[in-house]
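One structure is given here, and the rest of the page talks about it.
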């Protein structure tokens, strides 16, 4: 069975007009009920704004604004200049294409012409979801000599056949600017309602998605085989598992108490988290954001081939840059410098790496994610053949807060960021895709009153003054609220940027600039331009404070006030983190409460 693409385009238009998550959920439920089970995966990918999961490492569409305008020019029989002028006026290529196409339709109707572009203004066309998807996939996959002309011809054909509304969303999809404001959590809930019988089944959908990070595939299994099939899903080598995340505390006594009185405490390395998969001689390496980064680490591939003794395995670790002269750890930025190099092999000796392993999730057909940490660690020790650059993370088991503190100081002295404390009781499972109190990170910034850095998402930008006039000079930052699947404003940051950072800002933000407040953004402060929540930055500040204008934790501490950061300062970009990996509103609330307790203790009178 097929489904008209117009059904999808109409839903996109509805989603674009609303900001309330409950209304978005209703529209998705309505759409999924109309969708044939055989194509639900393609519909989910379209909503996510992608053709396939990032981790598959398949080519992207490879079409920039210029090629899109050229294709539209061919399809609409108008000059590229005419389209460019309208794009400049509207700031939206998709809207410009829709407007021109609608005007041409109306003119044709007025003179009674029946051309191939004549479609009812409501948006009916002969396009199906499958045809649009398959054509876009062909555009992405075509390579080699003459590929540009083939891409152009295929895209022009799609735009010519599409209705005005369909053309708008095809153009936006191609540009990577679909921006429906729908998060994965809302998609999963809608799938649970339609195919699982109720929203309560979302936990089953989420568990499957966490183990097989392909929401389209999960949706298709659910729609064609039912909820029980999802319950039986296990990890698969070559398909990334969504990583388990940690909470944060900065008091060893509290950490030990929270973890049940005893914990495994490991170095927290300043590197890139990696999930390494092995099947025979085949190795995959996935980033924290589930991108396939295997090609960036040929040295790690060789380490894994030699160092994992199991035939099939999924292990987790941290890739850390090492000084070739001293063997000491080098900062995260050095690793990112290596990743930006086109010829990675040329810098292998200049920027060598070591891998520190801390978990194993799957071995020879056995799913270990529901096993307690000690059992997983025991398997890790059995299957890993250690060397100087491939070894298990430094760690101790302790129930003593003082021993934890001493180990933390040793970690800092050795060049680590801090430590990660982990529960080792019977319930210490691997919570794929979730942040919880089974893992707690403990790191400290000695130069600041604020006890830790935070990872915030860019939701807006402000133009600078003076020599920065006309260019971006400050950013509006937000925390993630998983309960509402929204981003709440925390602070405006304009300090800490190097000249190089500022020069790159305009180009970095350009693909994500929005002409209106994004649907998932909750902010009273209005920036000069809105930015789709995509980019993550590490921020430090003097202290957490209350603010009447920021929406993070609004009303949680005091009526009419949210939590903000006083004197925020940019530290670095976090390309390894997605927006949903950012510091959460609950984390900031807990940090604020701990700060208050610390201040009260410091101000308390001593002696008599």
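Cβ atoms here come from the backbone N, Cα and C positions, even for glycine.
Sequence annotations record features per position, and here Swiss-Prot assigns ATP binding site to 266, 273, 288, 318, 358, 435, 441 based on sequence analysis. Per Swiss-Prot, active site, N6-AMP-lysine intermediate is recorded for 268.
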Worksheet item: Do any residues at least six apart in sequence from residue 273 (ATP binding site), in the same chain, have a Cβ closer than 8 Å to its Cβ, and if so which, in order?
Response: 243, 287, 288, 316, 317, 318, 319, 576
Worksheet item: If you measure every Cα to Cα pair among 266, 273, 288, 318, 358, 435, 441, the residues listed for ATP, what is the largest value in Å?
Response: 18
Worksheet, complete the sentence: Long-range Cβ list for residue 266 (ATP binding site), cut-off under 8 Å, min separation 6+ in sequence, same chain only, gives 358, 393, 394, 395, 419, 420, 422
Worksheet item: How long is the line from the C-alpha of residue 441 (ATP binding site) to the C-alpha of residue 268 (active site, N6-AMP-lysine intermediate), rounded to the nearest angstrom?
Response: 8
Discussion item. I want to verify one value. Collapsing DSSP to three states, which class is residue 435 (ATP binding site)?
Written reply: strand
Practice prompt. Could you list the residues of the same chain, at least six apart in sequence, whose Cβ is under 8 A from the Cβ of residue 435 (ATP binding site)?
Written response: 244, 245, 246, 247, 482, 584
Worksheet entry | Other C-beta atoms that fall within 10 angstroms of the C-beta of residue 441 (ATP binding site) | 18
Response to the item:
Other C-beta atoms within 10 angstroms of the C-beta of residue 318 (ATP binding site) total 23
